[in-house]
Amino acid sequence: DVVETQEHYKSRWRSIWIMYLTMFLSSVGFSIVIMSVWPYLQKIDPTADASFLGWIIASYSIGQMVASPLFGLWSNYRPRREPLVISTAISVAANCLYAYVHVPHSHNKYYMLTARALVGFGAGNVAVVRSYIAGATSLTERTSAMANTSACQAVGFILGPVFQTCFTLIGEEGVTWELIRLQLNMYTAPVLFGALLGVINIILIFAIFREHRVDDMGRQCKSINSEGEENDALDQDTEGNVDHVAVVALNVLFFVILFVFAVFETIATPLTMDMYSWTRKEAVFYNGIILSVIGIESVIVFMVVKMLSKKTGERAILHGGLLIVLVGFFILLPWGKKLPNIQWQEIKNNSIPRTVPTEMLMPFWSLQEMQLPSNHTAEPVGCPLTQSWCLNTPMVYLAQYLSSDVLIGLGYPVCNVMSYTLYSKILGPKPQGVYMGWLTASGSGARILGPVFVSQIYTHLGPRWAFSLICGVVVLSLLLLEIVYKRLIAFSVRYGRMQE
C-alpha cells in the first residue's frame, strides 16, 4: 500500500479540475448554438425542413458515438493527454468550419451537418474525462467528483445559451470581414468563441494535467497511462468480474435519460414558435433564457445530490429522478380546447394541404385577413398548415411548458449524475476507458434518435403523440430499474472489500 503524499494529492486534484474544464467546454460546444441552429439553417439554406433539423442536431451525437469508444480505448493504453488534445483540436477546427457554412452557393445544410458531426467527434473525449476521474478518486470521493463533473457540464449548458443570447445583440447581419469572407453575427460569433475556449483548454492540458490513479480506498497506485510504466501496475484489488447485467442495464437507463432530454432540447424552439407565435429571434432569445435558468437549477441540484446521496444512496435518488422526469413530460400533454394560431402566409400563398376541408379554414382566414401585415415578406409566425395537426390539437399553454421545464430541469441532472456514479462504482478499479466510451456512446445514440424521433413524430402527429410516447419510454425504464435494483452496487462492496 502506497500512502498518498500531499504533493500527489494536490497534483491529482489539479488534474481533475482540468477534466472539469474539459467537460464544461464539451457541453458549451453543444449548447452554444442549440437554440439558433434552426433559424440559421433556414437563413443559409431555405431547402432545409424541420426533419433535416433533427439530423443536424443528431449529427453531433453521431460523431460523439463513433469517437467515444475509440478515445476510451486509446486512453486505456496511452497517456490521456494524447486523446484529450487531439479531440479538442478537432472541435476547434469544426467550430471554425461552422462559421463558414454560409459561403458555399449550394448544399449549405450539408456543410452545417458536417461541422456539427465533427464537433461531436471531438466531444468523444467525455469518455476519457469520466474514466480519468473514476480512476483518480476513491470510492468516498467518487459521488462528489462525478457530481462536480456533471455540474461543470450543466454550467456549460447554462452559459452556452447565455453566450448565444448575448450574441443576439450583434444581430442576424452583424459585420463582415471581406478579406477572409468571415461573417460575424449572432450565429457565427458563438462558435468562434467556442473555438477560442478550446485553444485555451489545450494549453492548460499541456501545462497542468498529469496522470494519477488511486484505488477504491484512496491508496496511491501507479497509472497504466503514464509513459514508462508497465501495464501490470494493477494490484490484486482488481481481481473479480464486472457485473455485466448491471453494466448493460445502466447503459439502457442512461440511453433513456439522454433520449428524453434530447427530445426536450430539440423540441423547445419549434414548439414555442408553433404554440406562441414567436419569431426565430424571439424563440432563440426566450428559450436561451429558459435553458439558462434550468442550468442554474441543475447546478443547485448537483450540489444537493452530493449531500443527499450519503443518506439515501444513489439508487433511490436515480429512481426519484426518473419519476420527476415522467411527471414533467406528462404535464406537457395538450389538455385544453384552445388551438394554436395558424401561419397566415401559408393560407395567403394557397399552400393548404388538400386533406384540410376549406370550411375549416374560413374562421382563421377571416380573422387573419384583418391582421395581415402590410409587408407580406415579414417572417410568418404560428403553427404551419403543413403540420395538419395544428387544426385539431390543443395548444400547450405557456404555464404547462414552463412547469415542465422546471421538473425536467430537476429530474434530468439527478438521473445523469447518479447513472455515471453507479456505473463507475460497478466497474471498480479496472481501467474504465472503454466502458465509459460505451456509456457515452449509448448517450450519444440517444441524442441521435431523440431529435430524429421527435422531429418526425412532432411534425406529422403533433405534441400529443410525441409526449405520450416519451412517457411510455420513461415508465419502461422505471420497470427496468426495479428489476436490477439490487445489482447496482460498487465493485468493492460486491466482493466484500468494503461495506456499502
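Cβ atoms here come from the backbone N, Cα and C positions, even for glycine.
The domain 'Major facilitator superfamily (MFS) profile' annotation in TrEMBL covers 15-489.
Summarising the annotation, TrEMBL assigns transmembrane segment to 17-40 (among others). Same-chain residues lying 6+ beyond the ends of the transmembrane segment (17-40) with a Cβ under 8 Å from its Cβ atoms: 50, 53, 56-57, 60, 84, 88, 91, 95, 98, 112, 116, 119-120, 122-123, 125-126, 129, 132-133, 148-149, 152-157, 159-161, 163-164, 186-187, 190-191, 193-194, 197-198, 201, 204-205, 208-209, 265, 268-270, 280-281, 283-284, 287-288, 291.
Residues annotated as transmembrane segment in TrEMBL: 52-72 (among others).
Within the chain, the transmembrane segment (84-101) has long-range Cβ neighbours (under 8 A, six or more residues past its boundaries) at 22, 25-26, 29, 33, 44, 67, 71, 108, 111-112, 114-119, 121-125, 128-129, 181-183, 188, 191-192, 194-195, 198-199, 201-202, 205-206, 209. Here TrEMBL flags 84-101 (among others) as transmembrane segment.
For the transmembrane segment (113-133), same-chain residues at least 6 beyond its ends with a Cβ under 8 Å from one of its own Cβ atoms are 15-16, 19, 22-23, 26, 29-30, 37, 55-57, 59-72, 74-76, 80, 83-84, 87-95, 97-98, 101, 145-146, 149, 420, 424, 431-433, 435-437, 439-441, 444. TrEMBL lists 113-133 (among others) with the feature transmembrane segment.
Beyond the ends of the transmembrane segment (154-171), by six or more residues, the same chain brings 23-28, 30-36, 184-186, 189-190, 193, 281, 284-285, 287-289, 291-292, 294-296, 298-299, 302, 413 to within a C-beta distance below 8 angstroms of the stretch. As annotated by TrEMBL, transmembrane segment applies to 154-171 (among others).
The feature transmembrane segment is assigned by TrEMBL to 191-209 (among others).
TrEMBL lists 245-264 (among others) with the feature transmembrane segment.
The transmembrane segment annotation in TrEMBL covers 284-305 (among others).
The transmembrane segment annotation in TrEMBL covers 317-336 (among others).
According to TrEMBL, the transmembrane segment annotation covers 401-423 (among others).
Annotation source TrEMBL lists transmembrane segment at 435-459 (among others).
Residues 245-246, 249, 252-253, 256-257, 259-260, 263, 267, 315, 318-319, 322-323, 325-326, 329-330, 332-333, 454, 457-458 of the same chain lie 6 or more positions beyond the ends of the transmembrane segment (465-485) yet place their CB under 8 Å from a CB of it. Here TrEMBL flags 465-485 (among others) as transmembrane segment.
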State, in range form, which of 52-72, 245-264, 284-305, 317-336, 435-459 has the highest count of Cβ pairs under 8 Å to the transmembrane segment (401-423).
317-336
Determine the mean pLDDT over the domain 'Major facilitator superfamily (MFS) profile' (15-489), rounding to the nearest whole number.
80
